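The structure appears right after this line, and notes come after that.
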């Protein structure tokens, strides 16, 4: 079997296997897998509205995935995407309600605020890692909690004791009449475009700039990078700042597109953590992140239709979705099995 | 004579590539049989066939006269074949005994019985004069001792035939002498040994017979006593090899590198380089001779800006570069072939082309205003690959996939191509075969003849003696003497390296004591 055929076959076989095991789970629990999967399909591609909503759901996953992947490529494990997203969400919403400006200034300003807030939240663990070799995993996990509770407190202050801010001014919104009309008034917004631009930006940084060359070198081998005259500490900080900025932009998607406000949260959004899976599914490449985010966003959004349309309890739905993602992530095992099967065939000849 | 192992007309193919073609190796009982070949000649493949990791396409293997089918390493173990690997397979934070029993832990009522195992290990250690403490933790013991643990591991499992894969690659001269003693002891106790190596000196010292392979072909087997290093080298490489490096007299001019009263401490604050003075002039090669761990690494790292200087000065062309960042030092005209090519010299997961650009990626023509042109990297890499005879499938092959010699040639290409005024070469030929060593030495001399300064650090006495124009002997962080190779002997150097300096001479030679 040629290499290319294997590369193509692996994801297909993975998804099919995941669907089969998911079907078995539904059968055993006494629900019809055909109805279940029909509901999932319709929940993703049913009509223009659901397609729009699916795309909207994919948008923050794209940016969260980029954030994790970018840090990974520089040898850093950014668990703090969740917290960076939360501060980005707050910063964008705050700029959205605090001032009213012409759209051409207001929207970029709000987006920038989210990126800067996320970058700042990434800078702290980056600095601690660079200067004192404190492990970034510990710091970023703690920074997540700080982000959650600090933004909750700030939201109360800003809203005079309420649990959400005002709606942002239209001049700061990412919503687009054109996209809404196109998708039967879904909440699809211009953020998708921004996210796709960021995919290109990450690719450009990594593959075209000297900074990207240094980040990758540091990610693989700090000793050789230092020998070659690279500033390892500067690169660690830069990687965390850029990663945090991507995560902050993911927050802006929620603040300026989907919700148009920020409310205090009882717990994490989960998008930042799912971003880790998105990045790993995508092998930490920009294009891979697009694939991972599409899979994650589609399944997450489509699954919402399964309890309504097929009567399957949400718990079972979550298990089925997790199983499908699990099989996709196990691509390596599938590849091994495929190669072994191919090897046997060759011997038989 | 009785053969314990016979590998007859072995053929091993990988796709279209023939790694072993018609190789015959017959091991007599109680002999040390060397397997000689260049890097990549097929030595490891042949031994992996014997050890059951590969299945041969042709030929047969006989053990003690009986034809066997070694389908996996467990079969090899049962036949009494043990392998002492080049890269040790040890768990760093386990004890010696724990490592030895790993995978076949003896149990007493369901609980691992380490005590009996430790006694058995101690007994074996004594029998073969290995001097290993069964309770020592691996990370606390020296490399030589770790190797003896590997030997013990095979003996513990009842090996009668031991395969040593490049056993001296990471040992100090002292440890090599000890290893040779151990190998002789093993033979005396009735074991048989296959020694894989490309070091001719070891073969002459220790082996009874030698089987030579070249580019996968079995060349033949000769008796050590009836041959000499020149003949062996010619058999291995396929042409005449010159050992005494050809070079004309040096014409040194002004000072390029000046080290004044340099003090460098390690991370614990203990001085490793103590008031060291050294000069290297344009057009000469200065060799630093010394036993590993006498401050050589710290000296180079301090010169190149990788390590903090406690006091003293490093001047290049009279310009003070003390405490400067590595890049500033590099840009002052320094090229550095690092001691550890995997740790410092290469980003192993990068393509070899990227590695060749590792020192120049941020400068024109490879990058302009922070934007890289990867086509330029490929062009540059192709040129260096050609000029320095780096055997690779091309600039896009990962550095990890290249053999050690070719990795080293790529590093040397990268550093020499920048045409530095001072070239620091730290153990540039470690682990390489004679062909590659000859090539690297001639490149160092070429740099010298082009009017550059070369600082060579080596643990191998013949390398220092052959290549250097002056030899600075380092002991315990100090240069104890500077000698001219033609006016000294290996014995004198050895004494100086061990710290037995000629006291009367020492006082006069050193400015600061």
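Cβ atoms here come from the backbone N, Cα and C positions, even for glycine.
All annotation found in TrEMBL is predicted automatically rather than curated by experts.
Under 8 Å from some Cβ of the transmembrane segment (A:12-34) lie the Cβ atoms of residues 310-312, 316, 319-321, 323-328, 330-331, 334, 338, all in the same chain and six or more residues away from its ends. Under the heading transmembrane segment, TrEMBL lists A:12-34 (among others).
Taken from TrEMBL, the feature transmembrane segment applies to A:79-99 (among others).
Per TrEMBL, transmembrane segment is recorded for A:105-124 (among others).
Under the heading transmembrane segment, TrEMBL lists A:188-206 (among others). Sequence-distant contacts of the transmembrane segment (A:188-206) (same chain, six or more residues past either end, CB-CB distance under 8 Å): 52-53, 55-56, 58-60, 62-63, 66, 69-70, 73, 111, 173-176, 179-180, 182, 212, 215-216, 242, 246, 249, 252-253, 256-258, 286-287, 289-290.
Sequence-distant contacts of the transmembrane segment (A:236-259) (same chain, six or more residues past either end, CB-CB distance under 8 Å): 56, 59-64, 66-68, 70-71, 73-76, 78, 80-82, 84-93, 96, 107, 110-111, 114-123, 125-127, 129-130, 136, 168, 172-175, 187, 189-191, 194-195, 198, 202, 205, 211, 215, 218-219, 269, 271-272, 275. Annotation comment: TrEMBL describes A:236-259 (among others) as transmembrane segment.
Per TrEMBL, transmembrane segment is recorded for A:271-296 (among others).
Annotation source TrEMBL lists transmembrane segment at A:316-339 (among others).
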Folded-back contacts onto the transmembrane segment (A:79-99), same chain, C-beta under 8 angstroms, at least six residues removed: 60, 64, 67-68, 106, 109-111, 113-122, 125, 136-137, 139-141, 143-148, 150-151, 154-155, 158, 165-169, 172-173, 243-244, 247-252, 254-256, 260-262, 265, 268-273, 275-276
